[in-house]
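K.L.:
One structure is given below, represented as structure tokens, and several questions about it will come after.
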Amino acid sequence: MKFGKVIEGQSVAEWASAYFDYKKGKKIIAGIAKNPSEGLYGTSGILGETPEEAIVKRGQIHRFHPLFQEFLDQQANKVEEFFENLVSDARERMDLISDQVDIYEKLRAFKKGTLESGSVVLIQKQHSKLRQRLDSILNFSRLQPAYHIPARKSVPTDAYTPMVSYRKLKSKLKTTLLDFYDYLKLVSQYQHLNQQAFRKIVKKYDKTLHTDLQGFWVDYMSRYTFTDFSITTNWQLHVEDIYARLFTNHNKKLALEHLKSFRQKEHFSANSMRFGLLFGAGLPLAIEAACYYNATEQSSYLLQIWGGFFLVIFAFVLFDLDCYVWEKTRVNYMLIFEFNQRKSLNWRQHLEIVGAVFFIFSLFFFLCMRNFFPGFTIYFPALFLGVVGTFLIAPVIVPYWRMRRYLIIQLIRVFLSGLSTVHFQDFFFADQMVSLTYACGNISLFFCLYKRLWRQPQLCNSSHSPLLGFFTTLPGILRVFQCFRRYSDSLKSFPHLVNALKYIFNILAQMFLSLWRIHPGLKYRVLYTIFAGVNSLFSYTWDILMDWNLLVRKDGRWQFREHRILKQLWPYIIAMILNFIVRSSFIFYCIFPNHIQHSSGISFFVTLAEIMRRCMWNILRVEHEEIYNRENLRAARELKPLDFVKPHSDVFVSHQISSDKNYTDDEDSMDDQTDVDEAQFS
């Protein structure tokens, strides 16, 4: 493989502009070989030599061609400057980690001594709850943040939490050490690739121009610090020592296994095969079940409920497709979503879980529509939901507990929008729910049907149930809360309040659609058409200019942004056109007004198109974040020192021990085994 491809494949995409420009170096060498006299400033004429002889002579006196020398200086200075920034950032991280290690060791020593002396309870039992609350407030006032690293302005960080338990502090410190070790490996890889690029380009220069300057290159590069690997090596050794001392009982070998275990080295062919088997077995069942549909009232409502389940599964499949596209285009979605790259599932593993759920769905759907058990048909959707719910919350008996736990926590965070700081994955997940209005409306339909024991099911549909209309607006309401919270944290009316206005139009459109279904007439039809049209135009403009940032205004003209993941422009143009078409799908409700009362078929296909549009939207939305990271040379997760605390006095230690008095030091030695056990199911 050519070295240009090697450096392109092994480099950190977010640091691409800071690497040695190997392709440009090759072009300069080719230009010198084609026109050797260029840039020699008349040297050949003064010495009475041909240009070729002048180059050879310069090689003999250990000098590069002036154009090539200028290029090397420019590239070396660029790499050196960026490496110094990396070292400075690493030093700040190391100082912060050292402070937290000191806190942790003091806390552990104090806890161990307290447990041995038997004086665990530091707050006397006779103190009232009010006194304990006052003590906690006093402790809060004595705590200060250990360090401050400014975060991205549009994504404010959480306020620090001073009451961090010993167990939580240990977990955070372990994760921080692992992240920092990975960061040092990226820095070391940056050094290695650039040093190798310099060596390769000089070798090519010697080969093309028949010189021998490898020795001079060694002396030339020795003055740059990025050629000195001792800096990163010493830090890596220091992290290894800290990790071994704190978490593996001085077992250096085990510490190295933990630090150097990368999930990316695993193979996922078995996961892909299992997904193929599950999907291949489920798809024929689902198709045959749909063929058994008969136009009875009960079957129509059953099909509507199963349709909602299918759309949710389909949305997860398309998200995995997004992950595949990001992986192929080298978009670091793990960093953007702030996933733990060591513990998070690969998208193929996630797809295997979705395949299992799809197979269960297809099996129950087939049994329901085929009417295998007369009298039990209406209970198959509830049974499916119970099986999947058990599958979701079972921590041990079902594999991949970490992913399922993350999904549960993310759902809770979305439904509690506004109560905590909103991160990228929070509003991204809520945006997926905005595209699932059909499934959200089915929540009301599902519980209404079973509450009424499937008697008079027409009273539960969209023409009779205001609650169904409310559930279709719920995702938009949650997004509005998130926008208000982001405004509260940043105090920036733009873009957060304007974004909230966009979702308010979405809520109003869904509300008037529900009112039109309940009260057929011209008034609500006109109101729905107006607000749905405004929402579509507003959302489409926001997609292009803000979420995707495809069009930028430069020199008084609108043009496509300069930096794009894909070199061709036509995929972005097609995405803009398709996005507009699907955004205008509200028009179908106006075209078929006679079916508006119970238009489950129209709603299903409109939502299906919206989910596919969301899949496309996801790709370009995350690409926008990736471009931001590349422009700002951000390739690693930021340390969040505000999650840690810095004690002002021993009161801090006392409070931590009192909150963790049931956590004995013997459990320290069990943590690594616990990590191994969890890894088997993650």
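Sequential numbering from 1, following the chain as shown.
Here the Cβ of each residue, glycine as well, is placed from N, Cα and C on the backbone.
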K.L.:
Do Asn346 and Met511 end up on the same side of the membrane (judging by the domain labels in Swiss-Prot)?
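P.N.:
The record shows them together on one side of the membrane, with a shared topological domain name.
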K.L.:
With Swiss-Prot as the source, which of 173-190, 407-424, 605-622 is set down as transmembrane segment?
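P.N.:
Checked against Swiss-Prot: transmembrane segment maps to 407-424.
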K.L.:
Per DSSP, what is the helix/strand/coil residue tally across the topological domain 'Cytoplasmic' (448-525)?
P.N.:
63 helix, 0 strand, 15 coil
K.L.:
With pairs restricted to those 6 or more apart in sequence, evaluate whether the transmembrane segment (349-369) and the transmembrane segment (526-546) have 3+ C-beta pairs under 8 Å.
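P.N.:
They are not in contact.
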K.L.:
Within the topological domain 'Extracellular' (370-377), count helix residues (DSSP H, G, I), strand residues (E, B) and coil residues, in that order.
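P.N.:
Across the topological domain 'Extracellular' (370-377), the residues distribute as 2 helix, 0 strand, 6 coil.
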K.L.:
Tell me if the transmembrane segment (572-592) touches the transmembrane segment (526-546). I count contact as 3 or more CB pairs below 8 A, with pairs 6 or more residues apart.
P.N.:
yes
K.L.:
Quick one: find which recorded stretch in 275-295, 378-398, 427-447, 572-592 has the most Cβ pairs under 8 Å with the transmembrane segment (301-321).
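P.N.:
If we count Cβ pairs closer than 8 Å to the transmembrane segment (301-321), 427-447 scores highest.
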